[in-house]
Amino acid sequence: MASNDTVTPPRSSVSMEVPLKTSAPPPEYISGSSGARSYKKHGVVDMLLRVIVLATAVAGVIVMVTSKQTKRFPVAPGISVTRDAKFNYSPAYIYYVAALSVAALYSLLTLVTSVLALKKPTGSSAKLKFHFLILDSLLLGIVASATGASAGVGYIGLKGNSHSGYNKICNRFDSYCLHTGASILLSLIASITLLLLVWLSGYTLSKKIARR
């Protein structure tokens, strides 16, 4: 009699184990150390530029304030008059000294802030860079306007303006004009450096935003 029991053929065991895929770390963790080093470099450049602004602003104020010259001019045989040339005789030069004094104080404060931020592992924060960008742009406008106004007055002193009736004075007060010219040149360097700071802050801020 045939048996009703059916013999089940052996089946090959199928492993249900799925190999675990090792997920690669996010890009920010891969490039975290290189990004930190890049921010450190930007922080060092920022600090050096602020030192240049501080030095040129202080030197420009000192040179402008000391630009004083006194000369005697003969008006008749045996009679002469004394004439002075000072920076405070011109409102443009007074504005120049005030603007560069503000620039020097601002550069000192932001330099200290930049040095403290450089000690952090990630460098300056995006919020600090945003504040630097706004304040640097504001100061750039102030210093550039003071430089332009002073340069205009200096050019009239050097060349004069026959249409407006302004006589040149640099042929008489040569030392005074040399001081004011050197001071305006220092202010121009400070303006260019502030422009570089604005570019650097904008570039660093865009990098920080892109990594978020």
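For all residues, glycine too, the Cβ spot is worked out from N, Cα and C.
Positions annotated as compositional bias 'Polar residues' by TrEMBL: 1-15.
Summarising the annotation, TrEMBL assigns region 'Disordered' to 1-20.
Feature annotation from TrEMBL assigns domain 'Casparian strip membrane protein' to 43-192.
What TrEMBL records for 47-65 (among others) is transmembrane segment. When Cβ-Cβ distances below 8 Å are used as the criterion, the transmembrane segment (47-65) is approached by residues 87, 93, 96-97, 100-101, 103-104, 107-108, 110-111, 114-115, 118, 143, 179-180, 182-184, 186-187, 189-190, 193-194, 196-197, 200 of the same chain, each at least six residues removed from its ends.
Under 8 Å from some Cβ of the transmembrane segment (93-118) lie the Cβ atoms of residues 40, 43-44, 46-47, 50-51, 53-54, 57-58, 60-61, 64-65, 87, 124-125, 128, 132, 135, 139, 142-143, 145-147, 149-150, 153, 180, 183-184, 187, 190, 194, all in the same chain and six or more residues away from its ends. Annotated transmembrane segment per TrEMBL: 93-118 (among others), in sequence order.
Per TrEMBL, transmembrane segment is recorded for 130-158 (among others).
According to TrEMBL, the transmembrane segment annotation covers 178-202 (among others).
The domain 'Casparian strip membrane protein' (43-192): residue composition by secondary structure is 107 helix, 17 strand, 26 coil, according to DSSP. Away from its own ends, the transmembrane segment (178-202) comes close to residues 42, 45-46, 49-50, 52-53, 56-57, 59-61, 63-64, 66-67, 87, 93, 96, 100, 103, 129, 132-133, 136-137, 139-140, 143-144, 146-147, 150-151, 154, 157-158 of its chain (Cβ-Cβ under 8 Å, at least six residues beyond either end).
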